[in-house]
Amino acid sequence: MGSRASTLLRDEELEEIKKETGFSHSQITRLYSRFTSLDKGENGTLSREDFQRIPELAINPLGDRIINAFFPEGEDQVNFRGFMRTLAHFRPIEDNEKSKDVNGPEPLNSRSNKLHFAFRLYDLDKDDKISRDELLQVLRMMVGVNISDEQLGSIADRTIQEADQDGDSAISFTEFVKVLEKVDVEQKMSIRFLH
């Protein structure tokens, strides 16, 4: 230990974050070190600009949507705990977690929470539905100008037609889950964090 990261995180904070996110002590310490290196203002929070300096997010077509997921509504800064809560959605599900206490809170990295997180990336206006326009905006972010507007419109129309079960021309969370029921979301939405 003895690093700057370990001295600035109190043991009780470390335990609370471990319990809430499922990360190990060493993972939390390592991620705290990364957090402080990103904190250019050295004020214990990250801004959107701090995130935009991360090369992997800067080149990701959904980078802005992912960055926005770190910030609570109306906030322009995120503290370490909020940072860890968002990252926890991407923590792989370990074998020993599959038989967790059914009465306890659902882990942030559960299939359901990963699906909610993904759904929110598409639900731009936060009305609990993915409209054709929202789908078009996200598709445009992902493919850039490589596909014509007409082709994108066809993809969006077909996607909504296949997913929309109640005929409202939008995709609800329930319909989103149904479409992805055979997709290994747990694996596809996981990042390996060093121990």
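Along the chain as shown, residues are numbered 1 onward.
Glycine is no exception: its Cβ is also placed from the backbone N, Cα and C atoms.
Binding site for Ca(2+) 2 per Swiss-Prot: D164, D166, D168, plus E175 from the candidate set E175, E181. Checked against Swiss-Prot, the range among 66-75, 176-185 recorded as motif 'Nuclear export signal 2' is 176-185. In this structure, D127 (Ca(2+) 1 binding site) belongs to neither helix nor strand by DSSP; it is coil. Annotated pair D125 (Ca(2+) 1 binding site) and D166 (Ca(2+) 2 binding site), C-alpha to C-alpha distance, rounded: 20 Å. DSSP gives D164 (Ca(2+) 2 binding site) a coil state; it is part of no helix or strand.
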